[in-house]
Amino acid sequence: MNFPWDQLLVQGNWMITMGQIGAPFAVIAVIAVISYFKLWKYLYREWFTSIDHKKIGAMYLICAVLMFVRGGIDALMMRTQLAIPDNTFLEGNHYNEVFSTHGVIMIIFMAMPFIFGLWNVVVPLQIGARDVAFPVLNNVSFWLFFSGMILFNLSFIVGGSPAAGWTNYAPLAGEFSPGPGVNYYLIAIQISGIGTLMTGINFFVTILRCKTPTMKFMEMPMFTVTTFITALIVILAFPVLTVTLALFTTDRIFDTAFFSVANGGMPMLWANFFWVWGHPEVYIVILPAFGIYSEIIPTFARKRLFGHQSMVWATAGIAFLSFLVWVHHFFTMGNGALINSFFSISTMLIGIPTGVKIFNWLFTLYKGRVTFESPMLFALGFIPNFLIGGVTGVMLSMAAADYQYHNTYFLVAHFHYTLVAGVVFACLGALIFWWPKMTGFKLNETLNKWCFWLFMIGFNVCFIPQFILGLDGMPRRLYTYMPEDGWWLLNAISTVGALLMALGFMFLVASIVYSFFKAPREATGDNWDGLGRTLEWATAGAMPPKYNFAITPDWNDYDTFVDMKEHGRHYLDNHNYTDIHMPNNTPVGFWMGILFTIGGFFLIFETLVPAIICLIGIFATMVYRSFQIDHGYHIPASEVAETEKRLRDARIKEREAVSHES
């Protein structure tokens with residue numbers, strides 16, 4: 001085994017050196033805290049090996065928030081570098097590493113796990129299910145994502161991060177990027193992507209087979225509809241990424257030539273394959289965000305969602321068109337007028353179903369009794385900001401104009417107005433909105449609103465100047481510029497905006513910490529003053545029991561829960577309980593994740609023998625699980641009845657306390 005020890009440690013940069021020193025101490029500190037409080041057995045039994053969709057969702061969300069912090073630090077480093085001309089805060093290659101990892105982390109390791117975490121927490125509850133269709137696969141999916149996340153973040157201090165951009169274009173990412181950096185990109189995303197594909201299959205089947213029998217597709221909550229359609233996009237798009245990453249991996253490790261011109265390959269093949277996955281990937285994160293807004297807006301407008309069926313068809317239309325627009329990412333690569341014209345038109349067409357959604361949200365607000373809780377503020381802030389992203393997207397869809405905009409900060413501002421205003425606003429609003437379902441208490445509304453206003457104002461202060469910089473000719477991926485370029489003031493303003501966004505997020509962290517210690521614990525499952533409109537708010541307690549629902553709920557309309565409350569069937573009380581079957585926890589996913597991490601690390605450094613041994617271990621684990629007889633366990637009806645009575649008594653006590661105070 002010839003391990004390249006000379007490539008292991010990155011040298012010559014003080015920030016990376018500090019990371020190399022600090023990371024081991026951070027790991028030791030975490031291990032020490034867990035050991036001091038004797039939590040290892042609890043974490044392993046109740047979390048690491050759990051197949052409970054709610055706990056898996058919480059683990060996804062914890063990782064996503066941590067990656068939001070990591071990606072945000074990358075963004076602040078870039079904005080600090082560009083705040084003044086001729087800055088030496090970051091040297092050129094380090095800047096390239098930072099913006100490359102920023103893009104990958106924010107899309108692959110923040111936005112997607114955030115969405116998947118919400119899927120896990122909310123969707124089974126919304127469809128009246130006890131768990132997902134494949135609970136063990138759900139656990140495996142999480143640990144594969146976690147493995148990819150660990151490997152990708154390890155690159156900063158061990159071996160060096162990828163520096164060819166988040167798109168990793170050949171030939172720059174091929175023969176012109178020696179070392180393990182690009183290998184980290186290929187292997188980490190490959191492992192995480194396999195987990196993502198499993199998640200897509202799991203939720204597609206869950207919604208088809210596990211929803212309450214009376215729930216019809218066109219009557220499902222919009223978040224569930226968008227989850228179903230997004231899961232289908234995942235199933236269709238991610239195999240393309242899997243194959244493409246595998247081909248590039250063989251180029252780098254086994255000297256094949258799929259993407260190398262010198263040996264008969266075609267770099268443009270990578271661009272096509274990448275964006276055949278890459279543009280549907282945008283809708284993998286934005287469609288569930290649309291579903292989130294379709295839950296929040298009717299709740300705080302106290303009104304039915306306007307045009308529910310048209311929203312379903314619009315979602316399906318966007319999903320279909322998402323596979324027909326990938327060439328607009330490289331209009332400038334010389335495809336020819338006919339091809340560019342086709343993809344220009346198909347890109348513009350996406351504005352039609354998206355416009356339908358915008359107007360439906362506005363009509364939902366019209367004559368509604370709107371209240372401005374913090375989730376609603378994020379939803380309302382989304383509409384005008386996302387509209388800016390949409391309008392500039394139509395500008396970029398014109399192939400002739402794209403030649404002017406494409407390689408400038410105008411494009412950077414555009415996609416941040418779609419992804420931040422569309423996805424990040426949704427994630428933050430959803431975290432606050434569904435927080436009581438995970439913890440049993442609400443976050444502090446005052447701090448939440450400070451978070452919203454600082455984040456939204458900072459967002460516009462950060463990215464509106466970038467539109468102007470782009471029109472003035474500032475290229476993207478530029479790590480420094482000269483004073484005579486005249487870009488200093490707008491870059492400085494943009495940096496101030498980024499700092500405001502960071503400050504806003506710190507208010508959300510403060511809200512979480514403050515509420516953990518100070519917020520009253522709630523008993524009701526309908527946490528937002530009884531405004532809930534879907535089944536996740538119909539659980540017997542604020543935090544659903546492990547079986548979710550003691551009896552299978554009925555669902556006859558997308559606002560059935562409102563009707564249930566009007567007729568006094570709010571909590572599905574029933575004394576004819578039966579035994580409930582539940583699956584057992586499993587260690588399979590956890591150990592597969594460890595094997596993927598170790599094997600992936602050795603493959604990144606092109607040390608094949610240990611990687612092959614780990615691969616054999618992975619297959620052995622799968623075989624072991626395949627022959628394991630596990631019938632799960634049953635929760636006795638008496639225990640269900642006792643749990644439901646305890647939760648019912650807590651609700652009554654809480655209601656009496658509120659009545660006494662008023």
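Including glycine, each Cβ sits where the backbone N, Cα and C put it.
Packing around HIS416 (Fe(II)-heme a binding site) is summarised by its Cβ count: 20 other Cβ atoms lie within 10 angstroms of its Cβ, all protein chains included. Taken from Swiss-Prot, the feature Fe(II)-heme a binding site covers HIS102, HIS416.
Neighbour list (HIS279 (Cu cation binding site), Cβ cut-off 8 Å, at least 6 residues apart, same chain): SER322, PHE323, VAL325, TRP326, HIS328, HIS329. What Swiss-Prot records for HIS279, TYR283, HIS328, HIS329 is Cu cation binding site.
For HIS414 (heme a3 binding site), the same-chain residues that are 6 or more apart in sequence and have a Cβ closer than 8 Å to its Cβ are GLY389, THR392, GLY393, LEU396, TYR405, PHE467. HIS414 (heme a3 binding site) carries a helical DSSP state (H, G or I). Under the heading heme a3 binding site, Swiss-Prot lists HIS414.
Swiss-Prot lists 14-34 (among others) with the feature transmembrane segment, giving sequence analysis as the kind of evidence. Listed by sequence, the residues of this chain that lie at least six past the ends of the transmembrane segment (14-34) yet keep a Cβ under 8 A from its Cβ atoms are 40, 43, 94, 156-157.
Swiss-Prot lists 56-76 (among others) with the feature transmembrane segment, giving sequence analysis as the kind of evidence.
Using a Cβ-Cβ cut-off under 8 Å and counting only residues 6 or more beyond its ends in the same chain, the transmembrane segment (103-123) has close neighbours at 53-54, 56-61, 63-65, 67-68, 70-71, 74, 132, 138, 141, 145, 148-149, 152-153, 162, 165-167, 185, 189, 192, 196, 199, 203, 206-207, 223-224, 227, 230, 281, 284-285, 288-289, 292, 419, 423-424, 427, 430, 434, 437-438, 536. Under the heading transmembrane segment, Swiss-Prot lists 103-123 (among others).
Residues or ranges marked as transmembrane segment by Swiss-Prot on the basis of sequence analysis: 140-160 (among others). Within the chain carrying the transmembrane segment (140-160), a Cβ under 8 angstroms from the stretch's Cβ atoms is held by residues 7-10, 16, 19-20, 23, 56, 59-60, 63, 67, 70, 97, 101, 104-105, 108-109, 113, 116, 179-181, 184-185, 187-196, 198-199, 202, 588-590, 592-594, 596-597, 600-601, 604-605, all 6 or more beyond its ends.
Residues or ranges marked as transmembrane segment in Swiss-Prot (evidence: sequence analysis): 187-207 (among others).
Within its own chain, the transmembrane segment (311-331) has Cβ neighbours under 8 Å at 217-218, 222, 225-226, 229-230, 232-233, 236-237, 271-272, 275-276, 278-280, 282-283, 287, 290-291, 294, 305, 339-340, 342-344, 346-347, 349-350, 352-354, 356-357, 360, 396-397, 399, 402-403, 406, counting only residues six or more beyond its boundaries. Feature annotation from Swiss-Prot assigns transmembrane segment to 311-331 (among others); the stated evidence is sequence analysis.
Residues annotated as transmembrane segment in Swiss-Prot: 336-356 (among others). Beyond the transmembrane segment (336-356), the same-chain residues lying 6 or more positions past its ends with a Cβ under 8 Å from any Cβ of the stretch are 307, 310-311, 313-315, 317-318, 321-322, 324-328, 390, 393-394, 397-399.
The annotation transmembrane segment is assigned in Swiss-Prot to 376-396 (among others). Long-range neighbours of the transmembrane segment (376-396) within the same chain, counting only residues 6 or more positions beyond its ends whose Cβ lies under 8 Å from a Cβ of the stretch, are 292-293, 296-297, 299-300, 328, 347-348, 351, 354, 358, 361-362, 370, 402, 405-406, 410-411, 413-418, 420-422, 425-426, 428-429, 432, 449, 452-453, 456, 459-460, 467.
The transmembrane segment annotation in Swiss-Prot covers 415-435 (among others).
If you look up Swiss-Prot, you'll see 497-517 (among others) marked as transmembrane segment. Below 8 angstroms of C-beta separation, residues 68-69, 72, 75-76, 79, 428, 431-432, 439, 441-444, 447-448, 450-463, 465 of the same chain, each at least six residues beyond the ends of the transmembrane segment (497-517), sit close to that stretch.
Counting same-chain residues at least six beyond the ends of the transmembrane segment (587-604), those with a Cβ under 8 angstroms from any Cβ of the stretch are 3, 44, 48-49, 136, 139-144, 146-148, 150-151, 154, 159, 180, 183-184, 187-188, 191, 249, 253, 610-615, 617-618, 621-622, 624-625. What Swiss-Prot lists as transmembrane segment is 587-604 (among others).
The feature transmembrane segment is assigned by Swiss-Prot to 608-627 (among others), with sequence analysis given as support.
Shown in sequence order, GLY71, ASP74, ALA75, MET78, TRP166 are the residues of the chain, 6+ apart in sequence, with a C-beta less than 8 angstroms from the C-beta of HIS102 (Fe(II)-heme a binding site).
In sequence order, THR230, ILE233, ILE318, ALA319, SER322 constitute the residues six or more apart from TYR283 (Cu cation binding site) in its chain with CB-CB distances below 8 Å.
Counting every protein chain shown, the Cβ of HIS329 (Cu cation binding site) has 21 other Cβ atoms within 10 Å. Of all Cβ atoms in the protein chains displayed, 22 besides its own lie within 10 Å of the Cβ of HIS328 (Cu cation binding site).
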